[in-house]
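See structure below.
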Amino acid sequence: MNRREGEGCPRRNADAVQDRDASANPSSPVIAAFKVFQQELDTKHDKYERLVKISRDVTIESKRTIFLLHRVTSVPNAEDILNEADVKLDAVRQKIGQIAEELRGEDIFQFHRAFTAGIQEYVEAVSFLHYIRHRSLISLEEINARLVFMRTEKVEPEGSAEAVQPGGQVLTFQVTPSDYLLGVADLTGELMRMCISSVGNGDIDTPFQLSQFLRQIHDGFSYIGNTGPYEVSKKLHTLRQSLGKVEDACYALRVRGSEIPKHMLADVFSSRTTLLDPEEGVV
C-alpha cells in the first residue's frame, strides 16, 4: 500500500493508533514522563480556572464599592458611606488573599492574565476611596501594605486525632506596577462621574479640584509615553476624554456659573459634554 492509499483510510489509521497504544509498555520511562506532564498541565489549568473565578468575584465586589462611593455627593453624612466602603473592601481583600494562597510557590506571571482584571478593579476602588478621604492619589506601596494575610493551618500529630494550631503563616500579594497604572487610569472615569454628580448637587468647588487632580494624573501618564505597558497607551485616550469633559464643565461654571441657577448646572454640563467628539479626545 502506497502513502496515498494510507492517507485515504482514516478508519484504518485510527485502528493502527489504537493498536499502537494498546501495545505500548506502561512501564516505559517515556510514557511515565508524559503522564507526569499531563498531571502538571491539568493542575495548572485547574488553578488558572480557580483564579479566574476569584478574580470575577473581586471585580464584582469592587464595582459595587465604586457604585456605593458615588453616593457621597448626595448624602449629608458621607462618613457612613466611607465606613461601609471600608467593610466591602476588607471583604475584597479576603478574596485577594485566596489568590495569594493559590499563587503560593508559583510564578505569578504564569497566571497573571487570570486575575489582572480583578486587581485593576480593586486598585480603582481603593484609590477612589482614598481620594474622597484625602484628596490625593494612593501609592502602590500603600496598596501593597494592606495585602498582607495571616493564614493558620491545622496539623494532626501522629497518634492523635486532635488538631493543633501552629504558628500562623504570612502571605503577601504584590500588585504589579502595570496593574496599578491601569487601575489609576480607570479611576479618572469615576472622578469625571463624580464631577457630574457634584455639579448636579450645586457643588461648584469640587469640579475645579478634580480638574487640577486629573491634570496631574495626565501629566504623569504623559511622562510614561510609549515606554509603559501597551494597555496604558490605549487607556490614555479615555483619560484625555475624561479630563476634557471636566475642564469643559469648569469652563462653563467659570464663565456662566453666575447666571445659571444651581439646579440647572447639571443640565448645562450634560449638554456641553455631549458636544465633545469621543473620537478626537483632548490635544
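Cβ atoms are placed via backbone N, Cα and C, with glycine included.
TrEMBL entries are annotated by machine, without manual review.
Keep in mind that what you see is a predicted model, and the values were worked out from it rather than measured.
If you look up TrEMBL, you'll see Glu124, Glu190 marked as Mg(2+) binding site.
What TrEMBL records for 1-22 is compositional bias 'Basic and acidic residues'.
For 1-26, the entry in TrEMBL reads region 'Disordered'.
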What are the sequence-distant neighbours of Glu124 (Mg(2+) binding site), meaning same chain, six or more residues apart, C-beta distance under 8 angstroms?
Ser62, Ile66, Gly183, Val184, Asp186, Leu187, Glu190
Can you tell me how many other Cβ atoms are located within 10 Å of the Cβ belonging to Glu190 (Mg(2+) binding site)?
19
